[in-house]
Every structure is written in C-alpha cells, then in structure tokens.
Amino acid sequence: MDLTSEPCSLKDDSMNLKVTGHSGTQIDEVDNLKAELEKWKERLEKAEKQKDELLLLKLSADEKRHQAQDELRKLMDLEEEQYKESIIKKENQERNLTVVKQQNIELQREIQKLKDDLTAKSSKLSQDFRIKREIPKKKMKFTGMENAESDDTFLNTCCLFHIAAKIPFRLQQRQALLTFEEEDVAQKLIRRGKHTVSLDNEKIDLKAMPVTLETGIKFELHVTISGEKINVSEVPDVPIPDEWIRDKLELNFYKSKRGGEVKDVRYDRRSRTAIITFLKPGVADNCLRCTKHPFCINEKRFMLSVSPSIEKHLEKFQIFSGISKRTILLSGIQEVEEDEESMQDMIEIHFQKPSNDGGKSRTSNM
C-alpha cells in the first residue's frame, strides 16, 4: 500500500457497507451495555427515591419521637404532681379522720350522758307516775242491757275505771303549808310576801310563797273480759310441729268436760301460751271455772293453766301540773322553845286575823 497516495472515501454511493463478523458482536455488547446502563440508572433513581423516602420517614420518626418524649415528660410531670396531690390529700384525710374520731368520741360521751339522763328521768317519772291500788270489791246490780252493736258484745264484760293520781308535795325542814277556804286570802298573803309572827317569847319572820304542785296524771282504764276467749299457759314444749300442737289443743278443749266447739287456736311456742276462741257463748266461762286442765300428748299427761282473756287500754290520758290557789307555803320557821303544836296554833291564829290580811283556814301542815 502506498502511504503517500490520497486516501479514499469509505462511503460509496453505489453500495452500502455491511459490517459483519466480529463487528456485529461488538454492537450487541454495546446495546447490552446501554441496556444495563439504563437498568442501573433506573435502580439509581429508585435508590435515590427510596433514600428520599427514608429521609422523610426519618424526619417524621424524629418528629414523632420528640412528640413522644414531650408527652412522656408531661405525663411524668403530671404523675409527680398527682403523687404530691395524693400525699397532700392523704394527709388531709388523716387529719379529717382524726377530727372525726375525736368528734365521734365526744358524741359518744354526749350520747351516753343523754342516755344516763334519760334513764334517770325515766326512773323518776316511773316513780312519780307509778300507781298501785287495790280496787275494792263492790257488789254490782245489773238493771238493764244497752243496745249492742253486735252479738259478740253480749259475750264480753266491760269495765271502765276513772283514775286520777293525787299530787304529792314534799315539805322541807322549817316549812309549813296553810290552806284557806277563800282563794283571795291566800293570794293576798302571797303578794304581801313577808309576815312577822309574834310568839310568846319572840318574833319570827315568815315568807309566804305559792305552792307549785308536782306533775299529776289522769286517765281512763278500759278493761274488756272476753266471753269467748281464754288464755292457756304452761303448754308443754315437745318436739312436734306447731300445727300438731294447735290441733291437739283444739281437740283437747273440744272434748273437755267443760269445753265446746273451738273457733280458732293461736299458739306461741316461745312463750308456751295459746289463745283459744270458742264458737258458742258461755263455753269460755265454763272452762274458767277450773284453772287447771289435763293435756295428754305423746302418751304423757300435762296440766294446762287457763285464765280469762283480758284486753286493757288507756284513754284520755292527761298529764298536768299547776299552782295551788288556796294554799300557801311558809318558810323561815325557826326552832323555838315552844313545842311544835303550840307554834302551829300561833301561826294559824296569826294568819286567821283579818288585820294580818288573813282569813279562815282549813288545814295546816308543818
């Protein structure tokens, strides 16, 4: 080849140059490399995108972590504050509990004191209002029968007692009571107050005061003795059902010599008593003629006690107190040489004289 000659053009208008053989393999490799490059570019873009997403996630996570830390700090502060408040509240509750316990102790003492006062007052009232009187026997004559509301009324015996307790007055030492016939005399002496009484050897000053009476009571006691019921006591306590006891009591008083048809039986095991109600009038009176009745149960013989069925109740109960208008209380009586009877006569004479604003007296107590 002549290296000095002019080079020729590789392009020919009349023909196309085809590269074959080894040159075709190189082109395929270039295409493959280009394709591989595109893949790596795509991977790079995807990696960059994932990186950006991860950065965003990291920023979001950091923000959430900071928020969580802030929330945790707030919760810890709140917990500490609540703990302090709970301690303060507990201390206040303990103080309040101590105060309440002390108040309860004081209230218990006050309640006990009130109970003691109530017991003492009740005891005093029970002594003041205790009435024990034997009602005298009286012969009674029935002149007629009132119109009864029902037939059962004819079976019962009704009694009415009017009871009025006398009001006691306790004289202290060196005191005397003087009762006048006229109310004006007593009131005039009380208004005057001081009175000088001449005795044989000396004079004494007495003070006239009103007599304040203690509390009295007045009531009506209504008593009804049933003509169809009787009370049964000392019923034996045997291990059988109450219904059987009632049946045996009914049968016992039905077959009794003085008994009759039974209307109702009320039995109380605790008190060992029963109330028998008969159907016909007069049967209860017949049973009461004998206070003991035989009673057989479980092949054993017992004795029952019978008594009338009595119902009692109070009506028109009144509690009253007042000041006696015709009686005066004299205080300041001194011990003198005269005997008590002579001194009493002298005091009565003094208060009977009109010149001393006195009048006729009925009784005197010293």
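Just so you know, glycine gets a Cβ as well, placed from its N, Cα and C.
Positions annotated as coiled coil by TrEMBL: 23-124. Annotation comment: TrEMBL describes 100-173 as domain 'Nmi/IFP 35'. The domain 'NID' annotation in TrEMBL covers 176-262, 274-360.
In terms of DSSP secondary structure, the domain 'NID' (176-262) contains 24 helix, 39 strand, 24 coil. Across the domain 'NID' (274-360), DSSP classifies residues as 22 helix, 41 strand, 24 coil.
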